[in-house]
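Novice: My questions all concern the structure below.
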Amino acid sequence: MDQSNRYARLDLKEADLIAGGRHVLCAYVMKPKAGYGYLETAAHFAAESSTGTNVEVSTTDDFTRGVDALVYEIDPEKEIMKIAYPVELFDRNIIDGRAMLCSFLTLTIGNNQGMGDVEYAKMHDFYVPPCYLRLFDGPSMNIADMWRVLGRDVRNGGMVVGTIIKPKLGLRPKPFADACHEFWLGGDFIKNDEPQGNQTFAPLKETIRLVADAMKRAQDETGEAKLFSANITADDHYEMVARGEYILETFGENADHVAFLVDGYVTGPAAITTARRQFPRQFLHYHRAGHGAVTSPQSMRGYTAFVLSKMARLQGASGIHTGTMGYGKMEGEAADKIMAYMLTDEAAEGPFYRQDWLGLKATTPIISGGMNALRLPGFFDNLGHSNVIQTSGGGAFGHLDGGTAGAKSLRQSHEAWMAGVDLVTYAREHRELARAFESFPADADKFYPGWRDRLQRAA
C-alpha cells in the first residue's frame, strides 16, 4: 500500500522543522528492495516507525495523524532519506517525566529494520530539539573530574595515560593486581577489559580488594593519584548496584578515584541509565564491545559509530570508546574525528545535522585498540588536541622493559607532542620512549624511517 500521501511531506523545509523545535530529525541511507519505489518505501518506513502499519485502521483519528512521522527529504540516487519524528511520539518515564533512549531506538531503528520492502537502512545522524534534549540526563562527570583527582588543570589537563590489563581473561586476582601496580608506577588509569568481572578463577571481591591495595601502594610510592575503571556490567539492575557499592566501599578513601565501566552496547540503554542514576558521582565509562555488528561500514543496517557516540552523550556517559580513527588496529578512519568533536563540543557538525548541546556536559573520547607511544603523535595531529583518555594494553605491556616502562613511554610521547618536538629527537633523552622504538620496530620503521641511525648517533 502506497502511504506517501500521508507519511511524506517533501514540501517541508529542514530549517523550518528545526526552528519549530518539535521534531527529532533522522538521516538514513536506505535502499528499497527491487520492485519498490523509493518514496513509497520511505513512507512505509515512516509509518512503521510511528503511527502506521501496512493497512489503514479504523481507530485512526485526527490527533493520530497529527503525530505521524514524516519523510521530508529524499535523494534516491544517494540513497538518502530524512524523517521528522514529532517529539510527542517518544515515551517518557512515569516517575519523573524524563526521556528514554530505548524509546528513541524503538521508533527510529526498531521494526523498520525488518521491513520486507527495505533492502537496507542505516541511521547516519540525528538531531534533537531543545525541548527533547533537556529531558535526557547527560553526563554528571567527565575528564575534568579525572584531572581534578590527578591534580591537573581542569580545563586543559591533557591525556590520561591508561591501560587495559592483558590478557583480558585468565589472570587470577594476585597477578591481575600485580599488573595494575606495575603500570601505575608509570601511568594514571587502568580499566577492566570488558569481559572481566566475577569469573570463578578471579572472584570480583577478592580481585577488587587486591586492586584497591595496589592503588594505595602505587600512590604512596609515586606520590601521585591513580585511577581505576571497574566493570559493573550485569543483566540485573540489582547486581550492578551491588557490585558498585562493594567496589566503592572497598576503595574507601579512594572512592573518587574509581570509574564504573558498563558494556553499553551489549546491555543496552537500561544499564547505562542505571549506572548514571545510581552512581552520579562516579565517572561512567561506556564500553561499546559488540557495536561493530551494526556500526561497521560493512553492515548496511542499524546505525553508525557516530550515532552511537551521540546517543551515549545524551544518556550520560562520562566517556565512550571512539576507536583510534585509523591510527590503531581497530576499524576506523581519520575523518572519524567528528565523532570526538560531537562528544566534546558545545555545538558540533555531524554528517547531516548541527547539534547544539545547550550546556550539556561533554563526554570524553576514550582511545584504545592497537595504540602505542609511536602512534600517538599522528593521532593527536589529526584530532588537534590530546584531552582524551588513552588506554594501551599491548602498547604498555608489550614494551620490552615491562608495564611501568610502557606507561612512561606513553607519557613521554604525549610530552613530546605537546612540546612540538620530533619523537625520535625526544627519545634520545628518554630511555623508555627510546626502548618503545625497539619494542615496536614495525611501527618505528613505518612512521619514523631512519630511527635506528638517529638513536644510535645520539647514544
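Using N, Cα and C of the backbone, Cβ positions are placed for all residues, glycine too.
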Novice: For the substrate site, Swiss-Prot lists N111, K168, R288, H321; sort out which one of S50, S58, S229, S368 goes with them.
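Specialist: The one candidate that Swiss-Prot places in that substrate site: S368.
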Novice: List the Cα distance (Å, whole number) between N111 (substrate binding site) and K166 (active site, proton acceptor).
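Specialist: On Cα coordinates alone, these residues lie 39 Å apart.
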Novice: Any idea which of the binding-site residues N111, S368 has the thinnest Cβ neighbourhood at 10 Å?
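Specialist: Output over binding-site residues N111, S368: least Cβ neighbours within 10 Å is N111.
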Novice: For the Mg(2+) site given as K191, D193, E194, which other residues of the same chain have their Cβ within 8 Å of the site's Cβ centre?
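Specialist: Near the Mg(2+) site, the remaining chain residues are I164, K168, N192, P195, Q196, S229, N231, L261, H287.
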Novice: List which of the binding-site residues D193, E194, R288, S368 have their Cα within 10 Å of the Cα of K166 (active site, proton acceptor), in sequence order.
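Specialist: Near K166 (active site, proton acceptor), where near means Cα within 10 Å, the binding-site residues are D193.
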Novice: Return the residues near K191 (Mg(2+) binding site) by Cβ distance under 8 Å, restricted to its own chain and a separation of at least 6 in sequence.
Specialist: G162, T163, I164, F228, S229, A259, L261, H285, T391
Novice: Starting from the Cα of D193 (Mg(2+) binding site), work out which of the recorded positions (K168, H287, R288, H321, S368) are within 10 Å.
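Specialist: So far as Cα distances go, the recorded positions lying within 10 Å of D193 (Mg(2+) binding site) are K168, H287.
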Novice: When DSSP states are folded down to helix, strand and coil, where does N111 (substrate binding site) land?
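Specialist: Once the DSSP labels are grouped into three classes, N111 (substrate binding site) ends up as helix.
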